[in-house]
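> I'd like to ask some things about the structure below.
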Amino acid sequence: MARKLFTSESVTEGHPDKICDQISDAVLDAIFSQDPMARVACETAVTTGLVLVTGEITTNCYVDIPKIVRSTIREIGYDRAKYGFDCDTCAVLTSIDEQSPDIAMGVNKALEAKTGEMSDEEIEAIGAGDQGMMFGFACDETPELMPMPISLAHKLAMRLSQVRKNGTLNYLRPDGKSQVTVEYDGDKPVRVDTVLISTQHGPEVDYDTIKRDVIEHVIKPVIPAELLDSKTKYLVNPTGRFVIGGPQGDSGLTGRKIIVDTYGGYARHGGGAFSGKDPTKVDRSAAYAARYVAKNIVAAGLARKCEVQLAYAIGVARPVSVRVDTFGTGIIPEEKIESLVNKYFDLRPAGIIKTLDLRRPIYKQTAAYGHFGRTDIDLPWERTDKAEELRKEAQSL
């Protein structure tokens, strides 16, 4: 079959955009730990010496946002002025408003409740917080049912952070990126063609040392040996120097790494970001639900590859559309899989929140190294608890 290449990237927790994602989700978690019914849309921007936290938050609790900001930056590793960004000396500005009452009225009471289709007490009473379409994806390329390029890229970025924090490579600094190019034979990944690592470092270390150490301590422990061969290309800091990094090197914004957060470009994306948003925002909760559905379909053996699209209207509880695409790998027709999805998954916002127990402070841990396919943390949308039911029902169709 034809050989082809596919590439995905990831970034470390010290990347400027990821700093912002983590701050936004740290604020969300702090609020949810006191007020699980809060409405939160928290956006962050960082640049040299400055953090701006803004957005719309409606809650009955108080959280110390500057303290949360400094603590998050400290955990990431920007705790010294020589790194170009210091958690203790950077300025923190906040500008927070309440959620618009025009939006709140649609979320508080769904159209179905207003028109008498459902009672206020039923789960329909919560409407979607916005319109839009969200995608979820799963495939059998890895044990966690993720595309191999993004899976390896995340693991490399995570390893880069680990060797920095545990002192193995103590000259590394928090900012960094990874990129993996995988060669496919048809739709099967067969080898890694190129591995790219860019990592911030201290000025005292030479290029050859960095390249040797990164290959030995980051790449080889992560990439399975059977995927590497004599033709695999290793690119480490290809500019030759990466001392200035983090917010000193580039400004950062919440929600600017949506492809890193999801499937590395391997599947479609509806365009909505995740971090800083409470689960009434379907940009986040419905994307999690779509992954949950797709993963259970693949885990059930109904398809080797599955993409689920959900779409919503603001203030309306039920999805306006549900679509399943198995790319020709399904063992039963897609319309039958869609009927199983509608039967076994409650895709109304309140149904998603209830099924996945989303009104909890679980979000900061997702804000770096991907929201999907995580094996290092327990995320409810990664469960495959519906797979057996789907498998049994499919056998009877």
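Quick reminder: no glycine exception, Cβ is built from N, Cα and C everywhere.
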> Asp175, Gly176, Lys177, Arg241, Phe242, Asp250, Arg256, Lys257, Ala273, Lys277 bind ATP in Swiss-Prot, but which of His15, His371 does that record place at the same site?
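Record source Swiss-Prot; matching candidate: His15.
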> Can you identify, from 99-109, 121-131, 374-384, 385-395, the stretch that Swiss-Prot calls region 'Flexible loop'?
99-109
> Taking the Cβ of His15 (ATP binding site) as the centre, how many other Cβ atoms fall within a 10 Å radius?
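Other Cβ atoms within 10 Å of His15 (ATP binding site): 28.
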> About how far apart, in whole Å, are the alpha carbons (Cα) of Glu43 (K(+) binding site) and Glu56 (L-methionine binding site)?
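The Cα atom of Glu43 (K(+) binding site) is 9 Å away from the Cα atom of Glu56 (L-methionine binding site).
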> Long-range neighbours only, meaning 6 or more apart in sequence with Cβ under 8 Å: which ones does Asp250 (ATP binding site) have?
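Those within reach of Asp250 (ATP binding site), by Cβ under 8 Å and sequence separation of 6 or more, are Pro16.
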> Write down the Cα-Cα distance for Gln99 (L-methionine binding site) and Lys277 (ATP binding site), rounded and given in Å.
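A Cα-Cα distance of 12 Å.
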> Near Gln99 (L-methionine binding site), which residues of its chain come within a Cβ-Cβ distance under 8 Å, counting only those 6 or more away in sequence?
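Same-chain residues close to Gln99 (L-methionine binding site) (Cβ under 8 Å, separated by 6 or more) are Arg39, Ala41, Glu56, Ile57, Thr58.
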